[in-house]
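Written out below as structure tokens is the structure these notes cover.
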Amino acid sequence: MKIILILCLSITLISQGHFDSLDLSLANVSDAEIKSLSETLYKLDSNRATASELLIDPQTLIPSSQTGSGNDLSPQPLFKVVSSTLLSKPTYEAFLDLLDNYKKMTGEVEDVPSHEEQEQDSFLQQTMNTNLGKELFNFLHSKGVYGSQSEFLQDLKMMWFGLYSRSDGVKLDSSGFEHIFVGEIKGGKVSGFHSWVQFYQCEKQGILNYYSHSFDGPWTTYPDVLGMQFNWDGYFKELGSAFIGCSPEFDLAIYSLCYITRPGKKCDVSLGGHSLGIQTYTWDKSSYGDGKKFIGSAYPITP
């Protein structure tokens, strides 16, 4: 009788998407392996910015107790120099093509015409063309998470670009990519927005005003991590953390690694010998495939 009950429970869990081969595979990914792979991805980021390609001016550092003050304490933009050569690299160009595909207000339905879907495919493929992207796939493949690169790419596409409703539960107005890398406005405030490339683009367009920072990581080369306060097109962000100077493929890879192996949890990584926590969130109100969850958010944890 006990065996029958266990079998029935297992079948129920499988049908609800709570128990599948992916869960079993991820049980074999240790914290030490995540830290080791994150160091490898860090070293393989050949498209990261160099000191001559990127120069920032963080200016005013404030205590975490003052992040909500909304005061502009930095008269100059955050980004002083960004090399056009850096931004013309294939993964950067593919990433930049995606940034104007979204409506910032939640509640406004996102349309995805065929050319925008092609841009999604292009960015993912450009990422897989890098040694960094290949290393991430090879690791997950070795753990039995994905059987082929095409399966991996298809899952990344749904995970990051699949649409869901962040407003009324009906309007498909958001995606993980939009929230994390482009940013959204919800409840009169900036939500998401964890990409330095998007930050720079908006500063250059004159629609983003950098206020201050409350955290500056220990790294002396790029990528670094900043926790920032800023105003985006009239809306305030109390604390927006982001990698600064990493390539777009590194952003995608490190967040994907943490989301796939530690979904909805704090994920401990190691970059250049320094420890860092990355927080991911699952979007639990809708799913794709066999009960898989879209990525809701991901960002570096800053005090």
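Backbone N, Cα and C atoms are what each Cβ position is placed from, and that goes for glycine too.
Swiss-Prot lists 1-19 with the feature signal peptide.
Annotation comment: Swiss-Prot describes Asn28 as N-linked glycosylation site, evidence class sequence analysis. In the three-state DSSP assignment, the secondary structure recorded for Asn28 (N-linked glycosylation site) is coil. When other Cβ atoms within 10 Å of the Cβ of Asn28 (N-linked glycosylation site) are tallied across all protein chains shown, the result is 12.
What Swiss-Prot records for 30-303 is domain 'EndoU'.
Listed in sequence order, Arg166, Ser191, Gly192, Gly296, Ser297 are the same-chain residues at least 6 apart in sequence whose CB falls under 8 Å from the CB of His179 (active site). Annotation comment: Swiss-Prot describes His179 (among others) as active site.
Contacts of His194 (active site) defined by a Cβ separation under 8 A and a same-chain sequence distance of 6+ are given as Ile180, Phe181, Gly240, Ser241, Ala242, Asp251, Ala298, Tyr299, Pro300, in order along the sequence. Positions annotated as active site by Swiss-Prot, on the basis of sequence analysis: His194 (among others).
The feature active site is assigned by Swiss-Prot to Lys237 (among others), with sequence analysis given as support. Neighbours of Lys237 (active site), defined as other CB atoms within 10 A of its CB across all chains, total 20.
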Round to the nearest Å and give the CA-to-CA distance linking Lys237 (active site) with Asn28 (N-linked glycosylation site).
-> 38
Hey, does DSSP put His194 (active site) in a helix, a strand, or just coil?
-> coil
